[in-house]
Amino acid sequence: MEGNISREQLKIIMHLLLPLCIYWTAEEMSVSIIADITTNALCPSKSTCSQAIYINGLQQMVVGICKMVVIPVLGQLADEYGRKPLLLLIVSTAIFPSAILAIDESKGFVYAYYVLRMISHIMSQGSIFCISAAYAADILDGRSRAAAFGWMHGILSLSHVLGNFLARLLPGSYIFEVSVALLIIAPMYMLIFLTETVKLTADVNQHLRWSSKAYQLVQDRYSSMRYALHVVTSSSTLKCICLVSFFYDMGMSGISSVLMYYLKSAFDFNKNQFSEILMMVGVGSIITQMLVFPLVNPLVGEKVVLRIALLASITYALLYGLAWASWVPYFGALFRMVYILERPSTNALVSKASSSSDQGKTQGVVAGAEAIGSFLAPLVMSPLTSWFLSSNAPFNCKGFSLICAAFALAMAFYFAWILPEAPSTQEENGESVETPLLA
C-alpha cells in the first residue's frame, strides 16, 4: 500500500537505527556523571564551580562556530559521496574522548577530554541527524518519512533511557569503559550491515594532479554551498524553519549547557538525581515520538505539532528557571517529553520542502542555523549562570539565565506561528514525492 513501509525498507532502516541506538546509549552514559567529574577535577570539595561552567560553555561556543561550516559541508559530501562513509566517520570520532576518561579522571585528562569531545561534537552534533534523515528520505516515500523521523528521535529517547539506566546501575569507575566498548561496536555494525543509498558517479577529476584536485575540491564545495543556500533562501518555508531552528537551539542549547551545574548548585543534585530525571524523560519521549507523533501528525500536520512542542519548551524553561523546590525539576521534565517533538516535526517539514537530490544539503543548512544558535547561547548563559549562582548576584534567582532562554524560545514560537504553507519543492521540480529510492 502506498505510504506504508515494506519489509525490505524496514530492514534497511533497522540497520541504521540499531547502531545509532548503541552510539547514543554510549554517549548518554556520560551525561549524568560528567558534571561531578569536572567539578571534582577542577574545584575539589566544592558544589559550585565557575570553571566547570565556563569550560563547558567554551566547548559549546567553539563547537557552534565550527558547526556552522562543518554541518552543511558534511551534508553536501553525504549527497555526493554517500551516507555510509560519513556516518562511519562521525560515529567513530566519539570513541576517543570517552577513552581518555576511561584511563584517568584527573585534571589534565579532563582538559584532554573536553578538547577531544569538542572535535567529536563538531563532527557529530546535528550532522548525524541530518545525514540519517537524508538516508531515510532516500528509502521512504513522502508519507512514511514523518513517521520514520519520529521513530529516529524515539530511538534517541530509548537510548537516553538505556544510557541513564546503565549509568545508574554501574559504578562510576566503569561507566566510560562500557561506553568505549559500545562506541566501538556501533561503527563496526554500520561497516558490516549498513546499505549505501546514494548512487555514486565516477570521479571525472581522478586523472588530475593533486594540486588541481585540491583546487577543484574547494571550488566544488563553494559552489555546492552557494547552491544549498540558494535552495533555502528561495523557499519562504525553509527560511522560516531556519529561524525557528536558530532561536530554538539558542534557547535549548543555552539551557542544556548550564542545567546540570545549576541543579547541582541550587538543589545539590548528583549523578543519581540526574539519571532519574533523564530516565523519566526518556521513557515519556519514546511514547511521544514513536507512538503519539506518527498517530497525531497525519491528523493535525507538522506545523501544529511544532507549535505545541515550542509552547512546551517555553513552559519547561520557565519552570526550571523559577524552581522553588527540588520536586519542580521532576515536574518540569514532563514538558520535555512534549518539546522533544520539535526535532521530528522540523525534519519532516524540511524534507517535504526539499527535492530528493537536495535532502542532505537542506537538512545541513537548517542544522547550520541551529549551530549558530548553539554558538551564541554560551556567550550569554555561561557568565549569567555563574553570576546568579554566586554570592554577588543582584537578586536571589539562581535560574534567571533559564528564564532569559525562554525569550529565545518564544521567538522560535513566533516564527513557527507565521510559518507559511508552501508546495513541496519535489512537486515544483516535477519529482514525485511518493517515489523513494527503494520502493
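Start at 1 and count along the chain as shown; that gives each residue its number.
Glycine residues also receive a Cβ, built from the backbone N, Cα and C atoms like all the rest.
Bear in mind that TrEMBL entries carry predicted annotations, made automatically and left uncurated.
According to TrEMBL, the feature domain 'Major facilitator superfamily (MFS) profile' maps to 16-423.
The signal peptide annotation in TrEMBL covers 1-28.
Sequence annotations record features per position, and here TrEMBL assigns transmembrane segment to 86-103 (among others).
Sequence annotations record features per position, and here TrEMBL assigns transmembrane segment to 115-136 (among others). Long-range Cβ contacts of the transmembrane segment (115-136) within its own chain (Cβ-Cβ under 8 Å, at least 6 residues beyond either end) map to 13, 16, 20, 59, 62-63, 66-67, 70-71, 74-75, 78-79, 83, 86-87, 89-91, 93-94, 96-97, 100, 145, 148-149, 152, 197, 343, 347, 350-351, 359-360, 363-364, 366-368, 370-371, 374.
Outside the transmembrane segment (148-167) by six or more residues, the chain places 5, 13, 17, 20-33, 129, 132-133, 136, 140, 175, 178, 271, 274-275, 278-279, 281-286, 289-290, 293-294, 297, 340-341, 343-344, 347-348, 351 with a CB less than 8 A from a CB of the stretch. As annotated by TrEMBL, transmembrane segment applies to 148-167 (among others).
A Cβ distance under 8 Å defines the sequence-distant neighbours of the transmembrane segment (173-194), meaning residues of its chain 6+ beyond its ends; these are 15-16, 18-20, 22-23, 25-27, 29-30, 33, 84, 87-88, 91-92, 94-95, 98-99, 101-102, 166-167. The transmembrane segment feature in TrEMBL is assigned to 173-194 (among others).
What TrEMBL records for 277-296 (among others) is transmembrane segment.
The transmembrane segment annotation in TrEMBL covers 308-327 (among others).
Per TrEMBL, the feature transmembrane segment maps to 365-388 (among others). Using a Cβ-Cβ cut-off under 8 Å and counting only residues 6 or more beyond its ends in the same chain, the transmembrane segment (365-388) has close neighbours at 50, 53-54, 56-58, 60-61, 63-69, 71-72, 75, 125-127, 129-130, 228-229, 231-232, 238, 241-243, 245-251, 253-255, 257-258, 261-262, 346, 350, 397-401, 404-405, 408.
Among the features that TrEMBL reports, transmembrane segment is placed at 400-419 (among others).
Here the transmembrane segment (277-296) has Cβ contacts under 8 Å with residues 28, 31-32, 146-147, 150-151, 153-161, 164-165, 168, 305, 329-330, 333-334, 336-338, 340-341, 344-345 of the same chain, all six or more residues outside its ends.
Mean model confidence for the domain 'Major facilitator superfamily (MFS) profile' (16-423) is a pLDDT of 81.
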